[in-house]
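Novice: Quick one: the structure is below, and I'll ask about it shortly.
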Amino acid sequence: MSNIAVIGVQWGDEGKGKIVDRLSERADVVVRFQGGHNAGHTIVINNQIFKLSLLPSGVIRKDKISVIGNGVVFDPWAFISEKKKIEQQGITLTPQNLQISEVASLILPVHQVLDQAREKSADGANKIGTTGRGIGPAYEDKVGRRAVRVGDLAELETLKNKIAYLAEHYNPYLRYLSEPELDKDKLVSDLIAIAPKILPYTYRVFEQLNHAQRAGKRILFEGAQAVMLDVDHGTYPFVTSSNTVAGQAATGSGVGPTSIKNVLGIAKAYTTRVGEGPLPTELTDEIGKLLSERGQEFGVVTGRSRRLGWFDAVMVRQAIIIGGITSIALTKLDVLDGINDLKICVGYKLNGNVIKYFPMEISRQNKVEPIYEIINGWNKSTKGARSLNQLPTAAIKYIKRVEELIDSPITILSTSPAREDTIVIKDPFAG
Ligand code: GDP
Ligand code: IMO
Ligand code: MG
């Protein structure tokens, strides 16, 4: 057994899609286990660009089985539109290569209305800067035991009862928000209309994954978002509404924790964040602008500019511990080419003291001031490097220093958006 989980370490957009695509060459099954179509994963193959939100990155490789686990919040309309888009790019999805958990909770239009209305009405301090996809309200319904689940699409009576309950639950609040009320008959008929397009893909995913493991197949669990956006361990409340750590790979798909051998964390060689919330190493100067342009730091889902900061070794070290990460893939090294002095955050000042951890409460997270170590940059290009000996000595030194500071081996490096421009020092499937 050598299944792995791949998770983001910072605030998302670290290049998970690229690395998952690269590694899925060696996997048989790729499973999404949390989040929904708030994710935006980019894969570049021979100048063709794929942007995936809800679909596992394994779909690009036609011989893999892709799975949407129970931990995902599933928007059936977003699924159909992403499926169409990807089919236009030559990828065909069938019930043989895509399986959706029958117990995944649905994102319904009302969740998007609520998400967007809350963001619109929130004053400055309470605005999260969500993707507006209805993720938070859908997870609220899940833990509130009101959710409509994928398998309910086959049960008309259950569907009607659940939607009637949702209308009762939400309509007073929607009236208060001056938003249109939930029209239960329309929602039921819309769900009945879409059901035949979804139901053929539904499976008892736990059973499928069990069979796959018994047959000696390799599974890659693909995370969305990242540890600092985890609902428990991140910069709460400026987080997403799911657990993003590797432990969720088990509960979010129906396997036990012992099914996951290695956890690969994906970290950018600097830091970005979309939406509100603390970013201690944030850069608002010309270097920030330069890195942002070079790194093409615009959100895949919403097109928003990503905020940018120096690499924060304290935060990454903490995320590695919490996420159960066993090695790191460091991406976007090429974006740092030609910067003379590279800064890495090695501690924080907080109320006159030096601390070596990232505080868990937002008030203290907002107050920490980074302490930087300056490391020499390099003038040669690393873009497109495919082996360690193509990297300048200063880049190797930078990587070694990062390894020391985060207390974890860096086993993969990425030097451009393209699939092949990756240096695999140690294969995470290999033990
Ligand atoms: P994800 O959400 O973690 O999958 O990451 P995104 O796809 O949202 O954002 C990462 C962006 O960086 C995408 O545009 C990728 O094509 C790009 N990218 C990934 N790895 C590298 C790299 O090593 N160098 C450069 N320059 N771009 C990269
Ligand atoms: P990938 O998988 C970056 C952020 C949003 C917002 C917060 C809550 O591409 O790395 P939500 O819509 O989830 O309720 O928004 O989380 N966010 C992401 N930021 N990458 C993502 O996914 C994100 N998914 C959500 O910007 O700050
Ligand atoms: Mg992304």
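Each residue's number is its place along the chain shown, starting with 1.
Backbone N, Cα and C define each Cβ position, glycine as well.
TrEMBL lists 12-18, 40-42, ARG306, 332-334, 414-416 with the feature GTP binding site. Under the heading IMP binding site, TrEMBL lists ASP13, GLU14, GLY15, LYS16, ASN38, ALA39, GLY40, HIS41, THR131, ARG145, GLN225, THR240, ARG304. The Mg(2+) binding site annotation in TrEMBL covers ASP13, GLY40. The feature active site, proton acceptor is assigned by TrEMBL to ASP13. As annotated by TrEMBL, active site, proton donor applies to HIS41. Under the heading active site, TrEMBL lists LYS142. The substrate binding site feature in TrEMBL is assigned to VAL300, VAL301, THR302, GLY303, ARG304, SER305, ARG306.
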Novice: Quick check: of the binding-site residues listed here (GLY15, GLY40, LEU333), which one has the Cα closest to that of GLY303 (substrate binding site)?
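Specialist: Checked the binding-site residues GLY15, GLY40, LEU333; minimum Cα distance to GLY303 (substrate binding site) goes to GLY40.
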Novice: Which binding-site residues, if any, among ASP13, GLY40, VAL300, VAL301, ARG306, THR415 have a Cβ under 6 Å from ligand 3, given in order along the chain?
Specialist: ASP13, GLY40, VAL300
Novice: Same chain, not part of VAL300, VAL301, THR302, GLY303, ARG304, SER305, ARG306: whose C-beta falls within 8 angstroms of the C-beta centre of the substrate site? Give them in sequence order.
Specialist: GLY40, VAL274, PHE298, GLY299
Novice: Ligand 2: which of the binding-site residues GLY12, LYS18, ASN38, GLN225, VAL301, ARG304 have a Cβ closer than 6 angstroms to it?
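Specialist: Result: GLY12, ASN38, GLN225.
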Novice: Where the criterion is a Cβ under 6 Å from an atom of ligand 1, which of the recorded positions LYS18, THR131, LYS142, ARG304, ARG306 meet it?
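Specialist: LYS18, in sequence order.
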Novice: Based on DSSP, name the secondary structure state of ASN38 (IMP binding site): helix, strand or coil.
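Specialist: DSSP assigns ASN38 (IMP binding site) to coil.
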Novice: Rounded to the nearest Å, what's the C-alpha distance separating LYS142 (active site) and LYS18 (GTP binding site)? Just drop the number here, would you?
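Specialist: It is 30 Å, counting Cα to Cα.
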Novice: Note down the number of other Cβ atoms within 10 Å of the Cβ of GLY40 (IMP binding site), including every protein chain shown.
Specialist: 20
Novice: Just the number: how many Å between the Cα atoms of GLY40 (IMP binding site) and VAL300 (substrate binding site)?
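Specialist: Here the two Cα atoms lie 5 Å apart.
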Novice: Which whole number of Å gives the largest C-alpha distance between any two of ASP13, GLU14, GLY15, LYS16, ASN38, ALA39, GLY40, HIS41, THR131, ARG145, GLN225, THR240, ARG304, the residues noted as binding IMP?
Specialist: 34
